[in-house]
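Peer 1: Pasting a structure here, questions to come.
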């Protein structure tokens, strides 16, 4: 029982990341009909927003400490951060400590801008091109983006910690009446789950309750008709692309403390997020979220020793196996609409 | 000729000439010159050009004709390679049984995966094929290690049974005694050209593959496949069952992939699991689109393009750059190296990504369209060839 | 006994009774029109005939054989061809290629792996397709991309494609919908010609009364998913129930 | 084109085959008895540096490449000479190898067997490389080693830790300077006992591929010999990025030590996750919960950041070795100095092993007086040397594995600077990590005989 609760927690956490990425991907699929292979790269850039802000905050000037030696035996160069100099050591250190949450503020404008530039500068010209061309151009873009990041940050993962207060873990089991140490869960992962839930909620509320959202939803259902009504759907779609980029970026920012960001993390998630979107059903936002959490939880269950001893290697293939079963039993995924991306 | 019309026959002749004279064409720069870095006429890369050409030509039969975008075709290439290496391990180093088994096994594998995946269309089909291929890769890398030798890749060991191996049989891959690696080097002044037995065998296979592909494109079957892409509804209401057509196309292209895999193993008897990974499947998709999906020659061009960058650009390093720009004043030399540095060596991915984007933005029909535009431009320069110019703007097939 | 016998067909979509106890009998070598106001269930009925939908209850017999549960291509191979409301043709292919496909389907059946013979060597098919293009007066458009043609031409091509399969029953779903008057008249003439030249049964769903009364030998009026009346054209014109249910609004 | 312009290179009985082709048909080479693949002809010799330049190990590859470039510089007499001055063999004099200037070509393994072989082949076939070296994974090392054996060139392995490289898959033309999984186990075991006692219950997370298995097997054997118990061994997919579902059950399993048989990105993530779950602060069975990462690298430590603090593992070499453990490890400081001055930071163990391999090859050629692979093999087999930073070392003839001291290290608690990621706990002497060539973990291989190619 405790093991199952633990894996459900894990699954919700993994599912949060899948759902957030898939949500943005579906927004782009659904509104623009574009297969965006660069979406994983947007997630990665989000994570590097956190890294970058951390780098900016720890920028400093160098003083030479004659009492210490560096590895070559020369006097040690000591880096003093401006932030700590300006705000005093305590507040300065706190600001640096909170760089990941602060990066949210930093990432939103950056990601929206990247989204706008991508849509206006590139994707716009591919609305009426075959999906194959969209795949090629966005894949090319994804490579370019990740190579740029690699050029500046290297290939090695870059540790980016959560604020001190969120390190460590919560003994969840005790709350439920289990023994201590049975169900423990890291604070930051709980934060990530709540954050994801908030973002998902915000996107849905936005689409549900604003006129902008209504037009976009109508556009997702039937683009031509909405266009005929004289509504400038294109501009709204540009904004939608910005939002999708921001969602992917925020997913990345908050993911940075969970696993150290590296330049190819987008590609690691790309295939998986496509599977999630398709399992959820093309063009369905709730489907994408549902599939994200479902696959996250199933993946966690599949990695339990009990399951693995029964079916060796099941955790390697569970996502794909489930995808196949769902697509064969439900032709358009969990909640897909007819006729979307079936040609 | 050979049941082809004039245009197709010309195309086949051109491809034949290009492949037969590839050792010359790909080594245009004298050895030791600064430009020799760009020579691609060494056996391994030439073999890769034609093997991936076969792979892409086969993929194009499915994707170019029916529009079904498989994202798991590398699995068939991998299965073909594994089958071939097992033949080496069990029988002998002769490539004939290996290639035959590779084609058969990958065909069967494609039949099973295609039968299931083709129950869906569009992106649902793509994800089904992707899922099957990723499962194959993940299992081959881990649980199936006894069959695939996992991370290291399946290879031939001295203690393998090799039942058909005589005492004098060659210990390297061979075609009835002709060693695949044997190379005859021709020196002409500063130039050097390699003629490799393995390459020519692969090239002959590729010519056969291209020929078969042309026949399929021009056959009633090919017409039906194009009809599937154009309008499935009309197909059904014209008394045609689309499923066996698409399945046949899937299996044929899977067998092409198996042939490519078998040839790869024949050139180099090691089959790594990575060749089944989604990136490998994605690569053949990119090759086909880059060259021009649905065209006869496009996929080969795309395959050559990507393999060239992978093998040539990745090997240019800073010291090579310094050599190139050595004639410049020091500051300028360093500046040029600094500018070009991000695009070569470890930056070859960046160059490739940029080129993907440029090609697809400016040449919607892929490299073939580029070729056509150049041809049209050349013709417009030649007076009295106006009528042909209009002809070339038709979609090439 | 008609060539097409529909008995007691019901079809529900959720709470909506799309078809309620439909009976229909189409006599061989006649033109049978099915008319009715929007939402009367005409298209649903048609879809039940060609295998796109399966009725909840009832039977659909074609020439003494049930069509229910068969895939569309199987029903087509039995001898039923369908022309769609918006022309369904192979837009990416040339007119000639469009015409050859049904000729291959007629000759080779639902599937034939004819992968290495060249098309020009299939003389019988080429000749048949060319002859049909001549019949349809579009041989001059032979090498044109089908998608580039006018709607009227696309319609003619589609009808020609159906005819080249030599069907026994031709189903037409509003064949003149969205057409200009001249194109409509051309289509009527074409269909009259077909009726005269060939042993063929035609069932037509139509909105345009001009078309219906120009062609039909027999008319069934559908209203709210049930047949209201089935009679000869002149009787239908005078039938008060029909006037009330249908013609009233459009006359 | 007149026929007289042709020279059929194979018929020239000079023995110089030049740069093209793995092999010529015997008919063309029958007369050239001394021929071997890519025998250097002019005033230079070409070495092939095959390292990952793209993909997750690109930084490690870049560090290897830096070391190779430095080695070439030193061999050609440039720079400060680095470890040439401390190397026990004194035949290298900074005039290249056998008087030939050393040149090099580079390639990208992409950390994929196929790509690595393609890259190596192009160096052999196109550029005429007479030796291939480098790499950052065992799959690649084994694949390229097999290729070099067939092609008749020498392979000097880079970073490869699997037992198979000099076990099941060993080849006469291949040599490994780096240590292996068995040695890690043997070196770690006594230290683990002294640190954590002999009554411990270990839980293994193991990367589900060949290297992971051999390391897990080695560590399990070594720790069980101490009296430790192995609670569970869970295989994790190579593609896994989030290890939470593997880490979460650990605490409740009754284990009090977690062994992470992961490398690279897998290791960074699994360790980060384990620390996130607070395992390090927990008490199990009345003991502090401990995490062990048997194979350490500086880049991984960098990637894992603060999570690495206090985690024990093993290394082939560390740049502080000579300073802290004395002059037995001479060469270390010389190397660190020339590397650090050139690039601005200390070298990684991958850089050191690659630098050493380049020097060892050059030395063997010089001592043998020939580039002929068979002569090089003979010169390297059983070669005892010192002064390359690892202390006295033996290149064992039976399996072409180097035997030398192994470092047990621990993530630094209070790093004094950004390069000071690990602290050396102990150095396990070579005798303790030496095993018989027919040890079961290395059985099944066949060195074969050296292949000079052509």
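A Cβ is built for glycine as well, from the same backbone N, Cα and C atoms used for every other residue.
What TrEMBL says about a protein is an automatic prediction, not a curated fact.
Note that this is a predicted model, so its numbers are computed, not measured.
The transmembrane segment feature in TrEMBL is assigned to B:12-29, B:49-71, B:91-116, B:123-144, B:197-217, B:244-264, B:284-309, B:350-371.
Just tell me what is around each of these and how deep it sits.
Peer 2: Here the transmembrane segment (B:49-71) has Cβ contacts under 8 Å with residues 19, 22, 40, 77, 117-118, 121, 123, 125-127, 129-130, 133, 199, 202-203, 205-206, 209-210, 213, 216-217, 222, 225-226, 228-229, 245-246, 249-250, 252-257, 259-260, 263-264, 267, 278, 281-282, 284-285, 287-288, 291, 293-295, 298-300, 302-304, 306-308 of the same chain, all six or more residues outside its ends.
Long-range Cβ contacts of the transmembrane segment (B:91-116) within its own chain (Cβ-Cβ under 8 Å, at least 6 residues beyond either end) map to 72, 75-77, 79-81, 83-85, 128-129, 132, 156, 162-166, 169-176, 180, 201, 246-247, 250-251, 253-255, 257-259, 261-263, 265-266, 269.
Sequence-distant neighbours of the transmembrane segment (B:244-264) (same chain, 6+ residues past either end, Cβ-Cβ under 8 Å): 47, 51-52, 54-55, 57-63, 65-66, 68, 70, 73-74, 76-84, 95, 98-99, 101-107, 109-111, 113-115, 117-118, 201-202, 205, 209, 216, 221, 224-225, 228, 271, 275, 284.
When Cβ-Cβ distances below 8 Å are used as the criterion, the transmembrane segment (B:284-309) is approached by residues 8, 11, 15, 40, 45, 48-49, 52-53, 55-57, 59-60, 63-65, 69, 71, 73-74, 206, 210, 213-214, 217, 257, 348, 351-352, 355-356, 359-360, 365-369, 371, 395-397 of the same chain, each at least six residues removed from its ends.
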Peer 1: Against the transmembrane segment (B:12-29), which of these stretches has the most C-beta pairs under 8 Å: B:123-144, B:197-217, B:350-371?
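Peer 2: Answer, by Cβ pair count: B:197-217.
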Peer 1: Using a Cβ-Cβ cut-off of under 8 Å, list the residues of the same chain that are 6+ residues beyond the ends of the transmembrane segment (B:123-144) and lie near it.
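Peer 2: The answer is 68-75, 78-79, 82, 113, 116-117, 150-151, 273-274, 276-278, 281.
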